[in-house]
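Asker: Would you mind keeping the following structure in view while I ask a few things?
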Amino acid sequence: MKVEGQGYKYDGGREGIVWYRVVSFNQLWQLIGSAKDTDTYKLVRGNTMMGVYQNEKFDVYIDISAIPSLGEISLTDVNNQQQIDIGSAVTLTELRAFLLEHDKRRGELTSKYGVLASHIHMVANWHVRNVASWAGNLVMAREKGFPSDLATILSGADATLTVDLITTTTPTSSSKEEEGSIHAQPETRVMTVLDFVRTESFGEGKRAFVRQLHLPASGADQHMRTFRAALRPQNSHALLNAAFNAKLTASTITQCSIVIGAVGGDPSVFPHGRALSAPLTSELLKHVDLIKAAMSNEGEDSLKALYTSAAAQLLKEMKLKPLPEYVTVTQPEAKLAYRESLLLSFLYKFVLTMLHTALRGAGKSLPAHLLSAIEPLKRPVSDGNQAYKPDPSLYPVSYAIPKLAGHEQAAGEAEYVDDLPSGKSDLYAAFVLAGRCCRTIEGIKADKALAVDGVEAFVGASDVVSVIGGSNTPEGFGGEEVFASRETLYVGQPVGMVIATSQRLANEAARLVEVEYGAATATPILTLQDAMDKRSFYSLDFSLQTIASGNVEEGLKNAPHVASRRVSCGGQSHFYMEKQTAYCTPADGGTRFTLYSSTQDPQLARRCVSSASNTPPHHINVVARRVGGAYGGKLTRMLPAACACMIGAKIMKTAVRMATDITTDMTMNGGRNPFLADYRVGYSSGGVITALDISSYQNAGCTLDYSIGVCHEYNEALDSVYYVPNWRSRVFPCRTNLPSNTAVRSFGHIQSAFIIECVIEDVARQVGKTPEAVRELNMYSLRNAVSPTGQPLEHYTMPTVWSRVKDKAGYADRVAEIEQYNAANRWRKRGLAITPVKYGVGWHPAGALLNVSADGTVLIFSGGVEMGQGLLTKVTQVAAKTLGVPIDKIVIGDTNTHTIPNFGGTGGSVGSGTNAEAVRLACEELKARLSPVKDKLIADNDGKVPSWETLVSTANRAAINLSVTGYFAAPGTSGVHEGVGGQWWKYPSSYFNFGACCVEAEIDVLTGEVELRRADLVYDCGQSLNPAVDIGQIEGGFIMGVGYFLREEVLTGLGGETISNGTWEYKPPCSLDIPISFNVELLKDCPFPKGILRSKASGEPPMILSRAAYGAVKAAIEAARKERGVSAPDESTGDVLLWHSPLTVDRVQQACHVTVGHMSDTLCLT
């Protein structure tokens, strides 16, 4: 392909991709016309499509953004009205700005331009909208069945397109035509947006190029509304969208059209119909005098009856289809009931809007309690405050300094494993994943992959000498294969890897490898219920599997009331920014290795790669400079990548590196363990709990991994802050054919918090009190603060924290305000909830090495891994304080296993404290060595204290060793509790953290959308080592918990495949999920005497407090149900959804149990 003129060409080199940027249509037609039959090309503006369809590969990319006319917006007179003409390279941001500028009816609820601009603002995010064109969005809808919002709203706005249909003729080898001659003859055609999206073919050999969008003028009598609902308020595709366009003469609808988008169906079978419906013209809504109909009580002419009929017709005509991405083992109906209900809610909102408009025109008004159903949600500017009290005597410890590497990270200059410079001979690896589970592996065909130029090898199970780690790994993890050898345990299990000369080539070649499957080895177990039915339990007896105190059977027998229920909570992906990454470089003829790994536990990584590759551990140095987020996902789940690179480097005798993409990472790795619990609770008429018996079942996945540790934490934390005299809790890890679940931030604790708070809410419902009142009735007091494990709750600050958060939040006043708001609003409800946390943490051993140079520079090596949590910042502050030197004298070396041996992994929120303590101990040892030198210098200089540099240089000349080590051994490590993984301390926890949070939430009853209005959080951090870092951890942990409880859902397909293996269906919280007002306070004047420098952990405990967001949403749902008299506690009314997490948008709406009758009843104004 050639291009003449001022355009330019970029050759992608060994990747084989060519980019062109054209500046005229002649250049564009020339390139298209000269394309070879074998060429695939793509026209791009921002190329944002790659974010959705990542595996699409093209030979040629043609950037059209520099063609002048395609970036223009102009006004044209058509029938004495101004039509807007928009070039196809205009971005969504530019289009929205123009619409707002030219909206002559600004502020009106139904102004077409304003409605379109508001809807565009909900598409994707600012970054995407700034570069993505409207035309590219429509092309995705046409070619891929993309659930486009633009296709829907532009169709609803009666927009048309100017499209060039190009007939391409490819020159033959005998052609005598000159180079640069044009072989594409465009034919211009005007068509509707709907025709463009839904037309399957424009004719043989014809390709369509969208040139312009034409938006007709909007008359004063035209009224438009658009709607959408998605899993998240931004950067989330619509589950359903709609555009309604009507003409209103006085109070009568004279014209009405409806376009519905994201209608469903399989895009590979029905791409042109999946994105958009044909426009529906509802005769039932035409020629309706809205005011007259609304004033009619009964009869077929009443607005109530007309809406009911229109709703039935709409459902019948639309026939929504399931979205394949939501057909899961737990929701085989694929949210269809929710989407059908949404359709009727959208229709209702539109009818109500038109009635409101008609009433205003007649000088009347819609009843105030209905207005919130039609008014767009206007989120105010977010605010918040952070309150804390440092201790100047400890500076720089307790001083709120930003994370030392923060600017480097924000600028993109911080190096992670995959940023390390590549050597000339470096190779790259990519996993080949199993596509089926519970099948024998009959063979693996790598021929197609190996035939690709640049592919060096395929490595499979036969090349591996051992499993990962064996007995060297934590509880139950040993035994997992690097590559499946005989059978597949789950979809996504690695069966081998391809090694190539680039990461992209390795990834593409891995998809060419074919796995031959044999007979089924078992029926896959894909849910906890399956595992329970088949008694698929891991046969283990472990410490804390059962915790009991008092006599639970007698307690239940004697209780005035007993209730029982099943509750459940789902999984959660780690969603770290840096995916699993490793880089292994051989030395000394391939006998010694340096392994750079994105790991939380370098020592574990060394032990496991040693076992898997049959290499002595002392020949391996594992280095972890920094990790780009982990949340527990890099304690053990980094081992497959690390082992693969180690094995590859040993076989290929050169460096091998791997950076897994998000799809591979989320397909092969599990996350947070789902839990299901059955309980019986005995309680008094006042709500005091006297007995509780809970049996809990954990989805461990196909291997145990870290799940026993999760069970320990879960069961030990289950009591939370509540005293129950007769207690029994048992937990059973279940084997399923899913990726191994593992530790995720606050593992075990957040699941236990969800379940115990459900018990509290259940009792509160039964006795007619608020959950907060029942919480207060059952909280530990200073008199009985001993957990069911027998551990005293020392320094129990919960009463102070609880009182402080209620006062800070103005709880009593806001309860009354919310009751008033709910009474005044039919379709928007608010809820308020307070959740406490008691979080036990356990210290781990930690080591440190200090090397002081003669110039006074202090080089510190610690066993802690910096994962973004500020560990090295706190270590630096403690060293600076202890030695009395400026922070800029401290240099941190890379964590590695050769320098600091025998240290534990970084996790459990204690890494910052324990490693800071190890460094402090080393600093104290150094000070002791320097003390005689310092005393002599003071004496020789008339009492003048020497500078640090003078002190060090003098000591160095005196041959004093300036290298020191420090080692923190956790108190009680010689305790008596035995677990599968070894000894435990005398008590499960070293100490407890306490906190509480009050959250206010608001829901749209008709759509299920949620907004967190305010959060007030109080946390006992002891004397914070760094309030800025700790508050950052608190806020981040809380928002991650909001994702767990309200947004994130791990989706498993009917065949066991992970559907939510990317950002398309997996939705962590975004900026609009942050509470509008977010206030955090560290409990003041509360140093912890037994803590490291009187501090407490901050990384994981605050995540539990996000349970208050769930409780607030649940309270809002309960208010909606109560108002409409929905009280039956059964599945038919959605009550079961109130005892499951996450409360996603569809579950919120379905739990509100809104019917057509509930909506139609409000359309009668007499």
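Glycine is no exception: its Cβ is also placed from the backbone N, Cα and C atoms.
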Asker: For the FAD site that TrEMBL assigns to Ser133, Trp134, Ala135, Gly136, Asn137, Arg228, which of the candidates Asp149, Asp158 is also assigned?
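Answerer: It is Asp149, as the record lists it for that site.
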Asker: I'm trying to understand the geometry here, so how far is the Cα atom of Trp134 (FAD binding site) from the Cα atom of Gly908 (Mo-molybdopterin binding site), in Å to the nearest whole number?
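Answerer: Cα to Cα, Trp134 (FAD binding site) and Gly908 (Mo-molybdopterin binding site) are separated by 47 Å.
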Asker: Could you check what DSSP calls Asn137 (FAD binding site) once collapsed to helix, strand or coil?
Answerer: helix
Asker: Using CB atoms and a 10 A radius, I'd like the single residue among the binding-site residues Ser133, Asn137, Gln600 with the highest neighbour count.
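Answerer: Compared across Ser133, Asn137, Gln600, the most Cβ atoms within 10 Å surround Ser133.
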Asker: For the domain 'FAD-binding PCMH-type' (10-220), would you mind checking the mean pLDDT of the predicted model?
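Answerer: Summing pLDDT over the domain 'FAD-binding PCMH-type' (10-220) and dividing by its length gives 87.
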Asker: Count the Cβ atoms, other than its own, that fall within 10 Å of the Cβ of Gly908 (Mo-molybdopterin binding site), considering every protein chain shown.
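Answerer: Its Cβ shell of radius 10 Å holds 25 other Cβ atoms.
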Asker: Once the DSSP letters are reduced so that anything not helix or strand counts as coil, what is Arg745 (Mo-molybdopterin binding site)?
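Answerer: The three-state answer is coil.
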Asker: Given the recorded positions Gln600, Arg745, Phe747, Gly908, Glu1100, state which is nearest to Gly136 (FAD binding site) when distance is taken between Cα atoms.
Answerer: Arg745
Asker: Arg745 (Mo-molybdopterin binding site) to Ala135 (FAD binding site): how many Å between their Cα atoms?
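Answerer: Each residue's Cα considered, Arg745 (Mo-molybdopterin binding site) and Ala135 (FAD binding site) end up 42 Å apart.
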Asker: Rank aside, I only need the closest one: which of the binding-site residues Ala135, Asp149, Arg228, Gln600, Gly908 has its C-alpha nearest to that of Glu1100 (active site, proton acceptor)?
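Answerer: Going through Ala135, Asp149, Arg228, Gln600, Gly908 one by one, the Cα closest to that of Glu1100 (active site, proton acceptor) is Gly908.
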Asker: Centre the Cβ atoms of Gln600, Arg745, Gly908, go out 8 Å, and tell me which other residues of that chain have a Cβ in range of the Mo-molybdopterin site.
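Answerer: Once Gln600, Arg745, Gly908 are set aside, the remaining close residues are Ala630, Tyr631, Gly632, Leu635, Ala743, Phe747, Gly905, Thr906, Gly907, Ser909, Gly911, Gly1099, Glu1100.
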Asker: How long is the line from the C-alpha of Asp149 (FAD binding site) to the C-alpha of Phe747 (substrate binding site), rounded to the nearest angstrom?
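Answerer: For Asp149 (FAD binding site) versus Phe747 (substrate binding site), the Cα atoms are 38 Å apart.
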Asker: What whole-number Å value do you get for the CA-CA distance of Gln600 (Mo-molybdopterin binding site) and Asn137 (FAD binding site)?
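Answerer: Cα of Gln600 (Mo-molybdopterin binding site) to Cα of Asn137 (FAD binding site) measures 41 Å after rounding.
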